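These notes concern the structure reproduced below.
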């Protein structure tokens, strides 16, 4: 298994990142460079999360080998244990003269991990600090040529890059003027990594303090169906306002595009730029603008009334932003409608005596084998109406305990004697028994929980609502690039902070132990002692203050006072928005119900009259065959008596007989007769037999 686990995880993580990108992105419509950059960013960040536990278990094994070698070189002496050593014996691994080191199942040979981490780390840093911000500006640029887009992207990122260069230059000057330090390439590299990790840790603590409280509370609130439904009504009212604003903004921008489209004809030099703008517009607007277009117009006499290329670039950027905003709000509205309708269905089915879950609307996708045989309506009722709320409550309690452990460990991870960090205690207990599988699973679950708290916060806070990850291929390119940039920026300091929690970072724990390969790539933080001994230790304690503020919803109350309406339980404005959202969802439900009823009626009519047409055609075919057979038998049997029953034996006589036999009776009581073949398909003309829907009895004025 030497290196096999590493190779397997590299392949599995790649397909995981590809699957998630396919779920959220659109391979057919979005640019290849956007998809490639996002895939690479996600892949590298997922590699750090999945491979770091293997690095931890391998480091523990190598440390065991070092301790074993040190014991064999020193004589066996029975030490006298002090009270402090005895007290810490339950935490630190027991030392014996005959210590046996067991190789982990996922052992990675020496020399592989440093190269691997160096490639992963520096590639992700190039993506997050250089390429992805540039690609974001390039994708939103209004330029019509590659050169114009590159120029615009460089101008927009000048302040962005200048800020980081200023921070790096300040740290470089600080180190250069220090008399005890002699700068080398390794130390310069460490300064750059320290600057990036410091900025990442600054954002990390702010986001983590909110997520540690909000995620357990969100699951607890999800177990209360009534509260969740009321909150959904509130979100619907706010989202409808934003949706209407985006539609109005799109209409205004499309009006400007229409005016320019009518003024600039096909022989104008800027017409190709206008065509580029039109291709970014929604299809319905493209069709409207393409109807009243002349082929040629002399523009030499009206040169001053035409827009410039710069104004077209500005309009192009406005079109891109307006279309993205409109699509984002439209997708959010559809997702919110599905959630609200589902919650209303759950509320209705809770009082059902049949114990079968009934949906208000048919599912858009056909029912698969899972819902047909396993997740039946009865199983769905028990899950949605009984088990789900209790499962969410238990999960909320577990996550709350996990959050408390994280907060405690963040405040005490710098203490090594005694060991106060809970995660360090658990890892050292498993290290004593060489339970490498437990170590790797504990590391992965902890890192995954921290990543969830951090990343979900960005997409939950209202200020960051511009970025939205929507499934079913509905995420725009800007949100994909932002997510990749954010993951690459926060994952390395998050994992470094985790190594400090479990005392695997010697710069924080100050223990003479073998470092992980990941920590060795980060360099020694002792180059900047005020960061290693100050900021990295005391700044994470700010999580306590942030968690308390989040628990009492201080941020929500402040935003509400500033005019940003937030969900507050006892507030008049909140009650008005809840009522408005309830009415909006009632209208949408009636609208969707009418559409579904109309489709059902059309389907029934098509099935009914398609079957009647099929039966009528089958009857006509069988009757025609029977008549032809009877006529043939009669003709053969009465060949000698042909003159007795016919006036002549000519071919014209037989043809007239066949025409009379094939003719079908007409309904002269029918009000109208039509020869339109399209009406016969709709059931109005079914073989001459379904032309009248009136009664067959005589009317008063039939003889007039």
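Glycine is treated like the rest: Cβ placed from N, Cα and C.
Keep in mind it's a predicted model, so treat the numbers as computed, not measured.
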Listed as N-linked glycosylation site by Swiss-Prot, one of 88, 619: 88
Same side of the membrane, residue 22 and residue 554, by Swiss-Prot annotation: yes
The annotated transmembrane segment range in Swiss-Prot, which must be one of 439-459, 460-480, 565-585, 586-606: 439-459
Residues of the topological domain 'Cytoplasmic' (22-33) by DSSP state, where helix covers H, G and I: 5 helix, 0 strand, 7 coil
Stretch-averaged pLDDT - the topological domain 'Cytoplasmic' (22-33): 86
Cβ-Cβ under 8 Å with the topological domain 'Cytoplasmic' (133-157): same-chain residues at least 6 beyond its ends: 31, 33-34, 37, 272-273, 276, 309, 312-318, 320-321, 477-478, 481-482, 485
